[in-house]
Amino acid sequence: MIEALQVERNNPPTQTANFPRKFFEYLFYCQCVAIVLVTGYLCTNGLFLNDESLLLNDDSNFHPKKWYLPLLTSVAISAILGLLFQWFIPKYTFDTIWAIFRVISPTSTLLLGMLLIGIGDQRGLGVGIMMLLFSFVQFFYGCHVNLGFQYAINLLSICLEFSPPGKNGLLLLSIFTGIFYSSFFVAGMGGVKATRNRVDDYIFVPVILASQFWTMQVIRNVMVVTVSRVKYMNYSRRFQLNTYDEFRNSTVKNSMGSVCIGSILVPVFGFVDASSRAVNSLADDGVDCLFCCAGCFSGLAAKLKRLGNEWGFVQVGAHNKGIIRASMDTWDLLQNNALEGLMGLIRSDLTESFCFFSGVAGGAICGLVSGGWALVVHKNYALEVSLYAFLIGYFMVRIAMAWPHACVLAYYVAYAAYPRTQAFVNDNTIPNRIAVIQRHQNAGPRVTLTQEEVDAIQNPPIPQDLTEHAPE
């Protein structure tokens, strides 16, 4: 069994498939080096070469302390929030999920929107109104999916029951890497602000933002690939792998190219898919102008989702596949599974929404703290500081939430591939939930759940201890 694992870990891709992986891997490392050089140039040019002009006018010139301190504080707060989530979710799963969906995320977004409107800037007014609308969307979404809370709680409790060795080391490494890169992001944006050059704003700000997005996604997805590999091997073959060892020996050596590609494709395709589902929902509600394009948009979104999806990261880690091939194989596995309704269940699962709303809550809290600070000490910085702090908080919390998200991804994919292994033989969580959903759909919108169905959702059989080894 160990020999089979070594063969699978070291199974190299073909030369044709390996080229794009290596290209994007080297491109990622090159952009990391380039952004460090750009940040150094901007800081040198903006701070040190123009330091004599800082004393000429208190309002028009750059003030490093009033810019950097609020943003660096947001970096620290986001890291603390990420670590707090790791403690709260396993111990207080129900309270955490309920609070994120119903209180923390919508309320913090609402307050951030009010802060942006209160700044008095026209740009802040538009963004603030969008934040207010998004906060109401979050609240109504939390009410709409209320019946799915208990299943999400049960699923997370099962998936997080087994904590593989080395997980905390990888989590801390990921968070500290995020802190390090976010500090470069803050320094780069400060350098652009200090130059007071509109050309630099149009050139360097988009470049730094794109680099921040890609790099933070790569940090997050490295953890997703590593943890999902460890959990998948435990569910399917009863292996106990060390998470940090798999990070060094498998992910970094074999999967970085796929992670770099997937960190671009999966968020973009996921956004298209989410937009398609929103359009379909409006079309179903009778918005005639969207009805004609909903079908075409839905077909395009389905094709893109099959080419790049988060479930594909499981097979990237487990079988060393490229992200596109892994996404297609995993999508087909889930779509054509013998258990009817599995894909519908997965698509309605709240874990991904929970991780997203947690990131939004973290970003909004950081935006409130840093933006409020900047509003007091230097109003002209308040809008930009609030938005940059929101991005920092969002990405940092999403990195921390990669651990529970990866566990759930591995659980679904392993169940679809090996539903009769020891890990699932006494676990009826998925079949019971599918049965309840199908009964609800067949009976119509006014169906009333029986007490047995409620008990099946709230108290599913707990699988055997996942830490046990299977016999050789």
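Here the Cβ of each residue, glycine as well, is placed from N, Cα and C on the backbone.
As written in TrEMBL, here are the features:
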type: TRANSMEM; residues: 26-48; note: transmembrane segment
type: TRANSMEM; residues: 68-89; note: transmembrane segment
type: TRANSMEM; residues: 96-119; note: transmembrane segment
type: TRANSMEM; residues: 125-149; note: transmembrane segment
type: TRANSMEM; residues: 170-190; note: transmembrane segment
type: TRANSMEM; residues: 202-228; note: transmembrane segment
type: TRANSMEM; residues: 354-376; note: transmembrane segment
type: TRANSMEM; residues: 388-414; note: transmembrane segment
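Using a cut-off of 8 Å between Cβ atoms, the transmembrane segment (202-228) and the transmembrane segment (170-190) share at least three residue pairs, counting only pairs 6 or more apart in sequence.
Long-range neighbours of the transmembrane segment (125-149) within the same chain, counting only residues 6 or more positions beyond its ends whose Cβ lies under 8 Å from a Cβ of the stretch, are 94, 97-98, 101-102, 105-107, 109-110, 112-119, 348-350, 353, 357, 360, 364, 383, 387. Remote same-chain residues near the transmembrane segment (388-414) are listed as 70-71, 74-75, 77-79, 81-83, 85-86, 89, 112, 155-156, 158-160, 167, 171, 174-175, 178-179, 182, 185-186, 189, 209, 212-213, 216-217, 219-221, 223-232, 235-236, 310-311, 313-315, 330, 333-334, 342, 346, 349, 351-352, 355-356, 358-367, 369-371, 421, 423-424 (criterion: CB distance under 8 Å, separation of at least six residues from the stretch ends). Counting Cβ pairs closer than 8 Å and at least 6 residues apart in sequence, the transmembrane segment (26-48) and the transmembrane segment (170-190) reach three or more and so form a contact.
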